[in-house]
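Copied over from TrEMBL:
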type	residues	note
ACT_SITE	Glu47	active site, proton donor
ACT_SITE	Asp190	active site
DISULFID	Cys253-Cys285	disulfide bond
ACT_SITE	Glu299	active site, proton donor
ACT_SITE	Glu324	active site
BINDING	Thr410	Ca(2+) binding site
Amino acid sequence: GGLRGATVIDALDTLYIMELEEEFQEAKQWVEKSFDLNVNGEASLFEVNIRYIGGLLATYYLTGEEVFKSKALELGEKLLPAFNTPTGIPRGSSLFSPCSGMSWSWGWASAGSSILAEFGTLHLEFLHLSELSGNPVFAEKASEPSLAPVRNIRRVLSRVEKPQGLYPNFLSPVTGSWVQHHVSIGGLGDSFYEYLIKSWLMSDKKDSEAKKMYDDALEAIEKHLVKKSAGGLTYIAEWRGGILDHKMGHLACFSGGMIALGAQHSTGDRRQRHMELAAEITSTCHESYTRSDTKLGPEAFRFDAGSEATATRLSERYYILRPEVVESYMYLWRLTHQPKYRHWGWEVVQALEKHCRVEAGFSGIRDVYSTTPSHDNMQQSFFLAETLKYLYLLFCEDDVLSLEDWVFNTEAHPLPINHTDLRA
């Protein structure tokens, strides 16, 4: 899909964690001999960052093998020209050519704007690149205001006025202003919020700015976007210039796990309220699965015209092996140990086996409401990086990639929390 070798690199840490030694060695040899960073292709800087760099860094921390570290640092260097914009917000959160260092914006993104979930999802990886290389330039690009007062994504986001405290999805890399007021916790926005709470956790709870931004954003989401359906299902709507769209994308289903993770570090009523919200959202996402014929969830589901947690448009009925629902199951299991989350995960395993397994692997399906679904003939790389890893961890003991020691990037590549003894 335009990212050469993405499936291999996305699968590296999954293979290692599952102790599939022979396949892991084969993948490592491919990285050593065939992963060419100079091929002039086009990809999103965000995709390069979370798949290539995240996968390589995670595998380095798990194995200590220098090849993964050196490839990650080499690729990180190639991304730096993308930040040469008036605001420091990378245009290359759109399209980026690692060979030429040129970047430009998606044709469909409003007025050449950059996308919140893309430029807001660099912090975890870039901080590790700075620590491993001893070069502060990576951290400057993503976070440290004192080091780079102009080219600083977080500073731009902190200062820009936020409608109702919400973060719209499109920002101009030239002016640093919002281009349109569409807010989504699903696609275009999702991992920005995830990286705020995870940046704080990865810093061993020292990055107080990230925690405050997360708390404020979640408060605005609770106030303006969290709704309850007539049937009692809690969901997170989208916001278009003040008008609510009562739709929740599959991508937004990661938020149950995120909110539960954040709730562990709150106290009293706030902790209880957020744990309940996380459980309710995760339950709603489970309903989107159980209400389909295949027991797999659609790309988006709606709460309007009498329908609840079902896709009402033909264009939203597909499932492409996405991980967000099982991601929330894994977090809720680890944090509550309620058996239902393992039962729900097992339902997904059975549905994947029944409807998605094909001769060469697993395929997405075009309609989750069809009893004889047709395959889309594609196995997304995140299926190996996330869906299968989260299902595996759901049934592991809690000390396998403990949440006390590891933070998962948005592609489920584990990165160590700062207190972690990496030699262990």
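Note: Cβ is positioned from N, Cα and C throughout, glycine not excepted.
Recorded features from TrEMBL, shown on the structure.
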{"residue": "Glu47", "record": "active site, proton donor", "Cβ contacts under 8 Å, 6 or more apart": "Leu3, Ala6"}
{"residue": "Asp190", "record": "active site", "Cβ contacts under 8 Å, 6 or more apart": "Ala117, Ser184, Leu251, Ala252, Phe254, Ser255, Thr410"}
{"residue": "Cys253", "record": "disulfide bond", "Cβ contacts under 8 Å, 6 or more apart": "Ile281, Thr282, Cys285, Ser288, Gly297, Glu324, Val325, Glu327, Ser328"}
{"residue": "Glu299", "record": "active site, proton donor", "Cβ contacts under 8 Å, 6 or more apart": "Gly249, His250, Ala311, Glu316, Arg317, Tyr318, Tyr319, Ile320, Arg322"}
(message) Taking 10 A as the limit, how many CB atoms besides its own sit near the CB of Cys285 (disulfide bond)?
(response) 28
